[in-house]
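S.K.: Sending over a structure as structure tokens; questions will come in a sec.
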Amino acid sequence: MKTIAMTIIGAGSFGTALAIALARNGHSVLLWGYNPQHIKKLQEQRCNQVYLPDIRFPENLLLEASLETAITASDNILIAVPSHVFHQVLYNIQPYLDQHSRVIWATKGLEHGTGRFLQEVAREILGEKIPLAVFSGPTFAKELAIGWPTAMTIAASDAEFGKELQQLFHCDKSFRVYKSSDMIGVQLGGAVKNVIAIGAGISDGMGFGANARIALITRGLAEISRLGSAMGAELSTFMGMTGLGDLVLTCTDNQSRNRRFGILLGKGIDIKEAEKQIGQVVEGYLNTKEVYTLAKRIGVEMPIVEQIYQILYCGKNITEAANTLLSRTLKDEI
């Protein structure tokens, strides 16, 4: 019988934070990272000084450098890696899964290069039998790891699996977990909000005020909802944690890499230098192209996403992009 409640793949900031939160709940957790030297350092220091300095690991948080050992240690495998490596990680873990394995991901985004939902990628690689779930919501890794009050949502392909995960992560003192059956809506909210957050950051970097920021957030939510409706998501999902909640958090708090990236662009710093200053993956930059392409393919109007795409991938002047949005044909709000 497997004694590890969950194996977490990805020893970055969010994977580490989830491991700490789950271990704090009294569960045995195994954390795997691709760099053996990094894992060795985590084991020696019993904290992740690179991403979450001075937050100590609970004793029941274990470290592992062998992928095979990590995957075979638990039935529950949670993936917390950037979206552009999600496909490769699934491909790498697939040989070690068995008939009891269940896969969850906290990755936010669409597949790099194809624009596919991560659920589609998982089904293609893992087959139809393995239960799947996505874990998302308005959460910064540091606050979760510290133990400050946080809420997230789990959407699962199987209702009983979703309920088990909800109970596994939920903590009355600090971590409230909601359950959903809308995997499409939960995935979409987590992907598109990062793109809108870049726009909110650009607006603030240009010196526009709170009025402009909230207009971007509100109209950004409308764009997410339109795309979600066209993809078969439940509109109510976008008024919850993984829609409105995650969008507002990412657009307004400077812990957000996507927002900070946008601020730098708004101040006139070029893309490569902005990425360098952020120092970690900016998911919104990678996903802007995928979201824009998806919207065009299915005929959904997303003017904010389109202008951010024009800035990031076509070299459009930021002031010109802002003017394009402001000068659009007048219309009813809803």
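Including glycine, each Cβ sits where the backbone N, Cα and C put it.
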S.K.: If I go by Swiss-Prot, which of D98, D246 binds sn-glycerol 3-phosphate at the same site as K108, G137, T139, K193, S256, R257, N258?
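M.R.: As annotated by Swiss-Prot, K108, G137, T139, K193, S256, R257, N258 share the sn-glycerol 3-phosphate site with D246, chosen from D98, D246.
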S.K.: Check Swiss-Prot for me: it has S13, F14, K108, R257, V281, E283 binding NADPH, so pick out which one of A133, A141, A230 it puts in that same site.
M.R.: A141
S.K.: The record names S13, F14, K108, A141, R257, V281, E283 as the residues that bind NADPH; what is their largest Cα to Cα distance in Å?
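M.R.: Across S13, F14, K108, A141, R257, V281, E283, the widest Cα separation comes out at 15 Å.
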S.K.: For G137 (sn-glycerol 3-phosphate binding site), which residues in the same chain are close in space, meaning a Cβ under 8 Å from its Cβ, but six or more apart along the sequence?
M.R.: T150, A151, M152, T153, Y178, M241, T242, G245, D246
S.K.: To the nearest Å, how far is the Cα of K193 (active site, proton acceptor) from the Cα of N258 (sn-glycerol 3-phosphate binding site)?
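M.R.: Between the alpha carbons of K193 (active site, proton acceptor) and N258 (sn-glycerol 3-phosphate binding site) there are 9 Å.
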S.K.: If the NADPH site is taken as the center of the Cβ atoms of S13, F14, K108, A141, R257, V281, E283, which further residues of that chain fall within 8 Å of it by their Cβ?
M.R.: G12, P82, Q280
S.K.: Indicate whether S256 (sn-glycerol 3-phosphate binding site) is helix, strand or coil by DSSP.
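M.R.: DSSP call for S256 (sn-glycerol 3-phosphate binding site): coil, neither helix nor strand.
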S.K.: What does the structure give for the C-alpha distance between S256 (sn-glycerol 3-phosphate binding site) and A141 (NADPH binding site)? Integer Å is fine.
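M.R.: Cα of S256 (sn-glycerol 3-phosphate binding site) to Cα of A141 (NADPH binding site) measures 10 Å after rounding.
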